[in-house]
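Enquirer: This is the feature table in Swiss-Prot:
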ACT_SITE  LYS157  active site, proton acceptor
BINDING   GLY56, TRP58, ASP76, ASP92, ASP117  S-adenosyl-L-methionine binding site
COILED    730-768  coiled coil
COMPBIAS  336-348  compositional bias 'Acidic residues'
COMPBIAS  457-474  compositional bias 'Acidic residues'
COMPBIAS  802-812  compositional bias 'Basic residues'
COMPBIAS  813-829  compositional bias 'Basic and acidic residues'
CROSSLNK  LYS571  SUMO2 cross-link
CROSSLNK  LYS634  SUMO2 cross-link
CROSSLNK  LYS650  SUMO2 cross-link
CROSSLNK  LYS669  SUMO2 cross-link
CROSSLNK  LYS701  SUMO2 cross-link
MOD_RES   SER333  phosphoserine
MOD_RES   SER335  phosphoserine
MOD_RES   SER336  phosphoserine
MOD_RES   SER532  phosphoserine
MOD_RES   SER545  phosphoserine
MOD_RES   SER576  phosphoserine
MOD_RES   SER667  phosphoserine
MOD_RES   SER679  phosphoserine
REGION    332-367  region 'Disordered'
REGION    453-482  region 'Disordered'
REGION    537-639  region 'Disordered'
REGION    802-838  region 'Disordered'
Amino acid sequence: MGKKGKVGKSRRDKFYHLAKETGYRSRSAFKLIQLNRRFQFLQKARALLDLCAAPGGWLQVAAKFMPVSSLIVGVDLVPIKPLPNVVTLQEDITTERCRQALRKELKTWKVDVVLNDGAPNVGASWVHDAYSQAHLTLMALRLACDFLARGGCFITKVFRSRDYQPLLWIFQQLFHRVQATKPQASRHESAEIFVVCQGFLAPDKVDAKFFDPKFAFKEVEVQAKTVTELVTKKKPKAEGYAEGDLTLYHRTSVTDFLRAANPVDFLSKASEISIDDEELAQHPATTEDIRVCCQDIKVLGRKELRSLLNWRTKLRRYVAKKLKEQAKALDISLSSEEEEEGDEEEAVAETKQAPEEEEEREEEQLNRTLAEMKAQEVAELKRKKKKLLREQRKQRERVELKMDLPGVSIADEGETGMFSLRTIRGQQLLEEVTQGDMNAADTFLSDLPRDDIYVSDAEDDDDTSLESDLDPEELAGVRTHSDLKEQKYLRFTQVDDNKEEEGENPLLVPLEEKAVLQEEQASLWFSKDGFSGIEDDADEALEISQAQLLYKSRQKEQQPTDPPPPPTNLKTEKKSPQGQNEVPKETEAILGTEAVTDPGGEERGNSSDSDSSSSEDEDSWKVSRGVKRGRGSKADEDGFEVVPIQDPVKYRILDPEGLALGAVIASSKKAKRDLIDNSFNRYAFNEEEGELPEWFAQEEKQHRIRQLPVDKKEVEHYRKRWREINARPIKKVAEAKARKKRRVLKKLEQTKKKAEAVVNTVDISEREKVAQLRSLYKKAGLGKEKRQVTYVVAKKGVGRKVRRPAGVKGHFKVVDSRMKKDQRAQQRKEQKKKHKRK
């Protein structure tokens, strides 16, 4: 009994599988792709109407190849699944209701392309099916004439039948160019062909008979021709021999054969070639075979005739070479007088042509140089354009991968970046930054007299108020102290700039000074139990060292110095930092009174034995230390006032309960007051951290805690938000996944191109194509996914055959601990072998 084959298996060809892979809804999508590849009508279209569009394969192709903002409308009897940027209608194209729906959707628009891939329900009889298809095409043409713009395209499917020629004639009346084609995706056994009508004429009025199937497909009776009509009345002219040619045998010479313009025609008419020239007869190319062939040409075959043509070519070369040698000999035999006359004429001509040739040569050289420069400029422009396009492509890829925001690039750093303190290295760069653009100020000051020193009104008021408040002695002390400061600054500014060492950045202040860090480390070290006995001795040594430092600093302050004259250089004033000139008035007064001596010559600092003087000294030392600490050690070196760094605010990361409590506090003032009132309870203690044992504090925190008045739903909401935040991948992981996805997509596109090339190849069989496609997808890693294997640990005492455990689906593998140990041992052996080879 014969085996029955599958009915629809032969229909699953390469385009069926390609449609499955590329995501098209039907294999007919490739028909439209191939038609568009040939006629290029989708790229220029702004509006498209697809009749009989289900299931939507042609709509997918149109949405892919047309501009993004195009209008695409699809109509069919059956519903079409929605597509992005596509409008679908469920109507019958043969009814007036469909025309009204299209007018409502298109409004005043005219479409550029009308597609029709419709076919009736076939199966009754071939004649009936062909007529139904032609009638459907005529109705589609009627809709196309209503909505198609001038110069538009109409692509329709037609069956090859007796109604095909009338349809073609109607198309030719309405369109400028009509072409019938059958794309490669259309099956060979199918009777369908596609007619592409381009250049719609858009007549003002179309005869309704064109769209009437009774008139369009009416059979025209052809009158039969009689026998007398078939017989031609004029007798044709008799063709005989050439005039004067009475014989069939023609003998020609080899010279005529060499001079013939068409040697093939000459051989077809000649019967014999006689070699009458002795020199040509003795030529090495004239062999015995050639002589025999020349005796009877009519009996020669293709090979012998080709040898005669080659023989003719060799003889012609020989004769041409001989004629050149004879002409050369004739030129040499000219008389000497003629040669001399010729030389004189040539010399005169050369003298005339020399400047002209030189000018032409220079002009040619100049043109060549200009052309080279222009080519270099064009190449440079191309290189810059390519670089710009490459950067734009990279930026676009980064934006698509969400590595950058649109318009903001983290990777691209221009020449002018943001200001950074880390770029300032050394005092010179710092002065350039602080000075800024002072050209306008220098110009203004240069126009004024040199002797004037300008002080603002506010400074004048401060000075007058200070002079009125202080006694003469205190005022003298303040002036002496300010003179000392100015003299110290002048000595510092006179240091050579070349001796500056580029140290650390003066604007970057560390969180803690080195001395403070060293002191903290030392205190941690000496807080150990081994140093507990020598604590008193260390305190005494520290007090002695502090007293010595205090005494030395007071002696330096009490030394009288002659005040130098105040500086009048405007440039120095401009460079002087604000932190040194502006010292608090109270501090200057205190320091000044400490440094001034009595009129009798006795210093105030000598009475150190009394308690009052010692206390005053300590207070003044504290004030001076406070001033120095406020100005910092860098104030004298760099000319900037260093402000003490405040501790940054420590942000706490709140748990869900804390967030819910914060929401309650932020939403209601009354709830906030209630929370503050409830915080004073019996569970609240005022112990500082570290007073109680750690185990006791943890136990109290666990068991003696008051429940917060927050909603469970609110806490669960914030807990869910935390889970979502924690579930997000970090930026590097997201970028890596995006890069991996981009590589896979790129590899997939390359594989698709190769697969299309393999599919379009005609020389190989279908089996070889399938094998090549399978190997391509396997190399690209796009084959079948590895099936999931469930590992089941075997128990002792179970045989080789193990039943499927409960709850395990799919493929499973039985493993045991012995197998795992064996595999590890095998891996260790392989590792040892590798080390030995190295």
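Every residue gets a Cβ built from N, Cα and C, even glycine.
A quick note: this is a predicted structure, and the numbers were derived from the prediction, not measured.
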Enquirer: Counting Cβ neighbours within 10 Å across all chains shown, tell me which of the recorded positions LYS157, LYS669, LYS701 comes out on top.
Expert: LYS157
Enquirer: With S-adenosyl-L-methionine as the bound species and GLY56, TRP58, ASP76, ASP92, ASP117 as its recorded binding residues, calculate the greatest Cα-Cα distance and give it in Å as a whole number.
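Expert: Among the residues the record ties to S-adenosyl-L-methionine, max Cα distance equals 18 Å.
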Enquirer: Given the recorded positions LYS157, SER667, LYS669, SER679, LYS701, find the one whose Cα is closest in space to the Cα of GLY56 (S-adenosyl-L-methionine binding site).
Expert: LYS157
Enquirer: Average the per-residue pLDDT over the coiled coil (730-768) and send me the rounded value.
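Expert: That stretch averages a pLDDT of 88.
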Enquirer: Filter the recorded positions LYS157, SER667, LYS669, SER679, LYS701 down to the ones within 10 angstroms of ASP117 (S-adenosyl-L-methionine binding site), Cα to Cα, kept in sequence order.
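Expert: Checking each Cα against ASP117 (S-adenosyl-L-methionine binding site), the hits are LYS157.
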Enquirer: Counting across all protein chains present, how many other Cβ atoms fall within 10 Å of the Cβ of GLY56 (S-adenosyl-L-methionine binding site)?
Expert: 23
Enquirer: Measuring CA to CA, name the entry from the recorded positions LYS157, SER667, SER679 that ends up nearest TRP58 (S-adenosyl-L-methionine binding site).
Expert: LYS157
Enquirer: Using C-alpha atoms, which one of the recorded positions ASP92, LYS157, SER679, LYS701 comes nearest to LYS669 (SUMO2 cross-link)?
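Expert: Closest recorded candidate to LYS669 (SUMO2 cross-link) by Cα: SER679.
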Enquirer: For the binding-site residues ASP92, ASP117, which Cβ has the most other Cβ atoms within 10 Å, all shown protein chains included?
Expert: ASP117
Enquirer: List only the single closest residue to ASP92 (S-adenosyl-L-methionine binding site), chosen from the recorded positions LYS157, SER667, SER679, LYS701 by CA-CA distance.
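Expert: That would be LYS157, the closest of LYS157, SER667, SER679, LYS701 to ASP92 (S-adenosyl-L-methionine binding site).
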Enquirer: Taking Cα atoms as reference points, rank the recorded positions ASP76, LYS157, SER667, SER679 by distance from LYS701 (SUMO2 cross-link) and give the first.
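Expert: Comparing Cα positions, the candidate nearest LYS701 (SUMO2 cross-link) turns out to be SER679.
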Enquirer: Of the recorded positions LYS157, SER667, SER679, which one has its Cα closest to the Cα of ASP76 (S-adenosyl-L-methionine binding site)?
Expert: LYS157
